[in-house]
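Taken from Swiss-Prot as is:
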- 38-50: compositional bias 'Polar residues' (COMPBIAS)
- 248-257: compositional bias 'Polar residues' (COMPBIAS)
- 258-268: compositional bias 'Low complexity' (COMPBIAS)
- 94-169: domain 'RRM' (DOMAIN)
- 49: phosphoserine (MOD_RES)
- 50: phosphoserine (MOD_RES)
- 60: phosphoserine (MOD_RES)
- 61: phosphothreonine (MOD_RES)
- 64: phosphoserine (MOD_RES)
- 67: phosphoserine (MOD_RES)
- 71: phosphoserine (MOD_RES)
- 197: phosphoserine (MOD_RES)
- 250: phosphoserine (MOD_RES)
- 251: phosphoserine (MOD_RES)
- 252: phosphoserine (MOD_RES)
- 347: phosphoserine (MOD_RES)
- 18-84: region 'Disordered' (REGION)
- 171-388: region 'Disordered' (REGION)
């Protein structure tokens, strides 16, 4: 038989089984013994002359001071920056700052904690969560009640050690009233600061920096100026335009009583004419002539048009008559040709005999009679040699 298959185990089952050992390394470290370590605070101190002494000045000193065990805070927070205690004020308001409060704490709970002598309680509340932010201010009646409340610092309140200190007074931001006054400077400007190079102070041969404004080799030096007005302001010129004194054109005395100075000025500086000395021209007569010419032309055009129309109408009936006569002549010629073709065969022999016996007078008479007979029947005889 083959080897047995090993059973599979999930990761959670492996981690949860204590037979394989502890998986939390922090628990192993907590079991090891540890020596207490002293916490120290550092202070940085710089000599006042190190900023202007150059490279030869001693550098700043770094001191490490071991904090005494009495200055350590209670509650496992360790030692931190020790702020100077604010003295108890001698005048009201006597306000204490209370910190490290529970977020579920109310003003009534805080009043019960301090007891009597409390005038007002103000908890700082978060506007989003509408819960306490963990600190507040309590105002007392006298300085003695405030000092008694400071003795309660470190006491347990709802599972937290309370931290009580004297509240700092409100800072007064006194600003100048700039809405009133005449905005006039009282006195000269303060002296200007010496100009500095964009690369900082210059270094001399002695190894120290010097101010470039104090260098005697500098060419440009700024002298202090005092912006003080010497005397009153000049009067302002009127912004209004002078009014024009117009005189009537019909006054004849203006030209006669003209002063010689005025004549000299006008003669020396003649006025410019924008039209170049041109005079107005009367164009009415020219326009009338042009209109008459145009009327004559239109009349002549109308006459020629009417004559052309009359000629075209008179030519049409004569042409129609000529066409009709041409058609009738052609028809009569065809008919005569047919008749002549039939009669030539029958009377060829008789015609020759009659022609020999007939005289010229007798030949004309039957011809006329034959023509009249044909006209009565509606036929006309046309000779063979006629061409159309």
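Glycine is treated like the rest: Cβ placed from N, Cα and C.
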Legend entry - Confidence summary for the domain 'RRM' (94-169), mean pLDDT rounded: 87
Legend entry - Assigned conformation of residue 250 (phosphoserine) - DSSP reduced to three states: coil
Inset, instruction - Count the residues of the domain 'RRM' (94-169) that DSSP assigns to helix (H, G, I), to strand (E, B) and to coil, and report the three numbers in that order. - result: 16 helix, 31 strand, 29 coil
